[in-house]
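Below is one structure, written out as structure tokens; the observations come after it.
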Amino acid sequence: MSTSPLVIAIDGPSGSGKSSTSRGVANRLGLARLDTGSMYRAVACRVAHLGIDPTTNPRDAIKVAQSCHLEIDTSAIDDRVVIDGEDVTKEIRDPQTSAKVSAVATIQPVRDALTARMRQVAADRGRIVMEGRDITTVVCPDAQVRVLLVADPAIRVARRQAELGEKVDMAQVIDSIVRRDRDDSTVSTFEEPAEGVTVVDSTHLNLDQVIDAVIDLVPVTLR
């Protein structure tokens, strides 16, 4: 197994399979893993807990992003997230939190603050899979492997509903995906591949096939 630095950057819209794919790739190659979306979700939780409305008071939301103590497990197994001493691992996946994320994630200084943290994690870990919306273009544009993971909208909705559980309303899932993609598209161009980014369409692939497709892009000398 290589010890050379390796960053695998995976971008994609909601429900495209980024999390399952990044976890699988990290497991197979023995890499660290960072779900960058969990950083935005954690900040959104903290902002809400402090009673801050980011739409009317973005300045205080920015302060939270810049000064909070954020702990994110980068193992391929655990997704534990702690912000300012509070474990928000479960809360950040709640549909109510999802509805609040865009208001925080679309504030450019918040993105700048968290981007700096993401880059530091990549530098500290050395060999890592990073998933998000703008990893291939903004966070790690020089990553050795850059992937845009896509899937048909119907497939994305079905995957997200399965992830959230049977009790989640389909209309709510569709609204969440459409809203997040629309809002995030105002601050990142994740829907079209940048130069040098490989598109992997997971619509007709199972998870193992998607993982294989990403790993095939990793130079043998870096595996």
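Glycine is no exception: its Cβ is also placed from the backbone N, Cα and C atoms.
Annotated in Swiss-Prot:
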REGION    1-23  region 'Disordered'
BINDING   Gly12, Pro13, Ser14, Gly15, Ser16, Gly17, Lys18, Ser19, Ser20  ATP binding site
Least Cβ-packed of the binding-site residues Ser16, Ser20 (other Cβ atoms within 10 Å) is Ser20
Neighbouring C-beta atoms (10 Å sphere around the C-beta of Ser14 (ATP binding site)): 21
What three-state secondary structure does DSSP assign to Gly12 (ATP binding site)? coil
Around the recorded ATP site, report the further residues of that chain (criterion: Cβ within 8 Å of the mean position of the Cβ atoms of Gly12, Pro13, Ser14, Gly15, Ser16, Gly17, Lys18, Ser19, Ser20; site residues excluded), sequence-ordered. Thr21, Glu131, Leu149, Ala151, Arg156, Arg159
Can you check which residues sit near Lys18 (ATP binding site), meaning Cβ under 8 Å from its Cβ, same chain, 6 or more apart in sequence, and list them in order? Ile10, Asp11, Gly12, Asp35, Glu131, Gly132, Leu149
Cβ density check for Gly12 (ATP binding site), other Cβ within 10 Å (all protein chains) comes to 27
